[in-house]
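Worksheet for the structure shown next.
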Amino acid sequence: MSLGNQRQLESSDLWPLQQENQCDFVSRQFEPKYHATKSIVKASLSVFGLRALFIGFLQLVAMVASLYGPIVLQQVVSSVETTSADFQTLLVPIVMLFVVKVFQAVVKTQSDLQNEIMYVQFTSALQNLLYKKTMVLNAKSRKLKSTGEISNLFTSDMWQVLAVSFTANDIWITPLQVVALLFMLWQVLGWAMVTGIVVIGVAFIVNRFLATASRNTWKELMEKKDIRMKVVNEVFGSMQIIKLNAWEERYYVKIRDFRDDELKSLWTGSCIQAGMIAMNYIAPVALTTVSFASYVLLFKQTLTASKVFTALALFNMIKAPMMRLPQIIATWMQSLVSYKRFTEFLALDERDPTIVSSTVSSNAMAIEVVDGCFGS
């Protein structure tokens, strides 16, 4: 950082990248799998599948370890409520909680590191695959896909597809975490959690509707962006003709109309995202309120200190996965749109290298100079 503050950093100033993370090394593993299966998903599972399973196992262990906190809290508060509590009874679960939390931190850090490394490797493999495909497109394919459409694949669609690799295990660990926390809440509040489950069901239905709308809006937005970028590239490619014919205003209005239409879809997508964020904050609060109200008013039960503190801890823990789950679903649905666009692009026809031939032998000699003398 000190050197970067003095001058612009160069590649020689950085640590060398490990060989297993270099694009050439990853591509040599990924490309043969892709050409054999013609599927990014199958090639990714073949190359990164075992690592993804290992990361999923680490994340699962960290998630299970995080559930130990409310259990210890209930034991401690229950012991304090009784008059027979002693220091030894409280010390053992607290020490165990400390050990479990340290273990959870180590496992969580390792899983995050491995997940980021896999993300970097998958990014290198996918970008290299697209670059090489762009270089070998034949004339017919280049007419089907303009420069602007290809640019959108690298700038917009790329990151949507890569987001799936980063959340590959969250799609099943997050629902599992919600179910585990609901089961623990069931043990604390009993049948009062039925109303809470109803709240979660309603929130899931609403979020599913919003996620579907977000996917459709994203698909519409990318189609409009392709159209606009195609016109922009035509303008840059024919700038001299446009200037000579004084068509600047005409093309300006045309591009502006395309941009306004694109902004409408962008605004619709922003409103949908705002609705999803609102649901993410409303659902946990509604779950807590309805569950406690049902326990006291409907089932006429008394809330003890141990139940209140334990339930609040569990409600606080369930808030994060409930907020994250709709975002993961929306990300995967948008990624599905981008993945289809990738598949269409990679399926385009390529130049046939066999149609280019040379009749000149590699050993043939075109010019030979013997005992030549050049200059004075």
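A Cβ is built for glycine as well, from the same backbone N, Cα and C atoms used for every other residue.
Unlike curated records, TrEMBL annotations are generated automatically.
Residues 161-183 are the range that TrEMBL records as transmembrane segment, among 161-183, 299-321. Taking pairs at least six residues apart, the transmembrane segment (161-183) and the transmembrane segment (89-107) share fewer than three Cβ pairs below 8 Å and do not count as touching.
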